[in-house]
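Novice: Below, the features straight out of TrEMBL:
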DOMAIN    A:23-52  domain '4Fe-4S ferredoxin-type'
BINDING   A:Cys32, A:Cys35, A:Cys38, A:Cys237  [4Fe-4S] cluster 1 binding site
BINDING   A:Cys42, A:Cys218, A:Cys221, A:Cys233  [4Fe-4S] cluster 2 binding site
DOMAIN    A:129-160  domain '4Fe-4S ferredoxin-type'
BINDING   A:Cys138, A:Cys141, A:Cys146, A:Cys180  [4Fe-4S] cluster 3 binding site
BINDING   A:Cys150, A:Cys170, A:Cys173, A:Cys176  [4Fe-4S] cluster 4 binding site
DOMAIN    A:161-190  domain '4Fe-4S ferredoxin-type'
Amino acid sequence: MGQLSGPTDPAADAHWEHSHPRKGFFTDTSICIGCKACEVACKEWNHNPQDGNLELLESSYDNTGALGASTWRHVAFVEQGRERIAEARESGRALVNLGMPPIGPPSAAPAIAPDLAEVDTTPPDTADFRWLMSSDVCKHCTHAGCLDVCPTGALFRTEFGTVVVQDDVCNGCGTCVAGCPFGVIERRRDGTVAVAAEREDQHAQHPAVPNVGIAQKCTLCYDRLVADETPACAKACPTTSIKFGDHDDMVETAKERVADLHAQGLTEARLYGANELDGVGGTGSVFLLLDEPEVYGLPPDPRVPTADLPTMYRRAGVAVVGMVAAAALAFLRGRA
Amino acid sequence: MVPEPEFTSYYGRPVVKPAPWGDDVAVYLFLGGVAGGSALLGLGGQLTGRPTLRRNARLSALAAVSVGAVALVKDLGRPERFLNMLRTFKVTSPMSVGSWILSAFSTGTAVSAVAEIDRLSNDRLPLGPLRSVLRAVEGPAGFEAALFAGPLAAYTAVLLGDTATPTWNAGHEELPFVFVSSATLASAGLAMITTPVREAGPARTLGALGVVGELIAMRVMEHRMDPVAAEPLRQGKAGAMLKWSERLVAAGGAGTLLAGRSRAVAVASGLSLLAASALTRFGVFEAGLSSARDPRYTIEPQKTRLARRRAAGITDDSITTAG
């Protein structure tokens, strides 16, 4: 058993002897144009079936809804007015002024974030409206809740530090679904979808859905990584909003990018998942966001539940002792 | 300045996903507890010369654990692969640890209960020479089952606590106490129903202790939890179930004090305790699932704890950073 929380190299922690660099994504939402090429490329490469019925969700251009068993990239669309933009800028500014220390070796982070309280941060083009677009994906956490609680060993840590389900081992117990603090992994339903009558030609016959009843999520294209290929989503992204590479480089790139945006006065820019001291030991997929994480459907302070497992086992042990003591007392009293 | 926690979400959609578990799992939470408590009563009966209590408790344990295990397997996405639960032992996975506890418990319980069935049928089970072996090991088997009885009743609390489901996770420190208390009072209630008043004295005492334990544990849990994460325990279907559970616990508890005089009172309070335990398990189960379906229960407690840490000067452990 490796570490349950805190900074670590997850592949080494999982006893991989060959040291491959940890791989990850950097999703820069400031240059996402919401084209959903990543969603499509992911579906095609991974043969993921249709997710539910084809319906309009009334949430801007997002009709996918959320990550799930058959949706491993999900592009969120958020429409904001002047007031909300100002709030985002303010919450970002508060974050900068909180004096968040730079992470990583000192040489890697030369630029100390400037105190922006005194700087005129009026952006060059103050918007009355903005559209946030963000391609969400599995975080491939350093301490992955799903992997920790999997009873069969179906979920495993790859040599690239990513987290992957073995479809032929998973028995669909569903514990990982509840174990993920980001709501990523899901058990695949039978995929039966109601077919609209007028679309009979195109949709009347769905191909058989693979891996029904089994937990499914992004593999960071494990099958492509072993062939030294870029994951399908990053390959398809036309704006390089989705970047793929060594995790350390991704974090470095993310820090440079957020510093650039801050220098332009865009204090709303912030990183998500780049801190190895956070509740999941840092994520393999790092994001640059332009508002609070919950605006994008991300948890503001996720914590891997297993970090508290030693406490839980201890408390359960005390409870068991109490139960046995109560039984002993009941029989001793009966004897007296 | 730390901004006050305020609630925004992505179109009101959930952040975490609820476990894909149906009522089968809640049934197992209940029956696993009944089985564990019954094995302890069986061992007590075995050690203190109460043959009827011993027999009934052993049979109860086997029946409860069998139905419970079937419910668990039925709830899997791939029931035919249930044996994969035993292809490894993972201490970080309460489900894995629990599968081994369940297996170990079931072994001792089955041996001791089969011995009782054989006796009940006047040695008619086709055991041949194995009968003497069975008689020799039934006592140790009763011990073995009792050894895993407490863990069987408690691990399900860890299973629920070790998730990102807000209400379960927020109760992770007290849930084991709620669950063992619930298991204790339920198994005691069942023994009060099945066993004549003369031999059921220890069951009544145990039931009363379970009632006290559950009333205290439940209150402490709700009190210590994040107030927002505790809300689902008081609302809707889950809230109603837990309210009724509390009433039935109290009624059953009062019944245990009077049940020494009348079998009818014993049966009534036993039923009341069993129903209370089932409602506790279903209530906690349902509260967790509903807390996962509403983003508020994920986001608000997290914003609160993040703001609290920042106010205390801890500014280096947020997942959101300025650079």
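Using the three backbone atoms N, Cα and C, a Cβ is placed for every residue, glycine included.
In TrEMBL, annotation is done automatically, which means it is predicted and not curated.
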Novice: Give the helix, strand or coil assignment DSSP yields for A:Cys218 ([4Fe-4S] cluster 2 binding site).
Specialist: coil
Novice: For A:Cys146 ([4Fe-4S] cluster 3 binding site), what is the secondary structure by DSSP, using just helix, strand and coil?
Specialist: helix
Novice: When the Cα of A:Cys237 ([4Fe-4S] cluster 1 binding site) is compared with the Cα of each of the binding-site residues A:Cys42, A:Cys146, A:Cys150, which one is closest?
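Specialist: So, spelling it out, the nearest of the binding-site residues is A:Cys42.
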Novice: Measure from each Cβ of the binding-site residues A:Cys138, A:Cys146, A:Cys170, A:Cys221 to the Cβ atoms of chain B, and list in sequence order the residues where some distance is under 8 Å, or 'none'.
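Specialist: The binding-site residues close to chain B are A:Cys170.
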Novice: Roughly how many Å separate the Cα of A:Cys138 ([4Fe-4S] cluster 3 binding site) from that of A:Cys218 ([4Fe-4S] cluster 2 binding site), to the nearest whole number?
Specialist: 6
Novice: Across the domain '4Fe-4S ferredoxin-type' (A:161-190), what is the average pLDDT of the model, as a whole number?
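Specialist: The answer is 96, the mean pLDDT of the model over that range.
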Novice: Count up the helix, strand and coil residues in the domain '4Fe-4S ferredoxin-type' (A:161-190) according to DSSP, in that order.
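Specialist: When I sort the residues of the domain '4Fe-4S ferredoxin-type' (A:161-190) into the three classes, I find 5 helix, 5 strand, 20 coil.
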Novice: Just going by other Cβ atoms within 10 Å, which of the binding-site residues A:Cys35, A:Cys141, A:Cys146, A:Cys170, A:Cys176 has the emptiest spot?
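Specialist: Each of the binding-site residues A:Cys35, A:Cys141, A:Cys146, A:Cys170, A:Cys176 was scored; lowest Cβ tally within 10 Å is A:Cys35.
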Novice: State the Cα to Cα distance, in Å, between A:Cys221 ([4Fe-4S] cluster 2 binding site) and A:Cys170 ([4Fe-4S] cluster 4 binding site), rounded to an integer.
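Specialist: So the Cα of A:Cys170 ([4Fe-4S] cluster 4 binding site) lies 18 Å away from that of A:Cys221 ([4Fe-4S] cluster 2 binding site).
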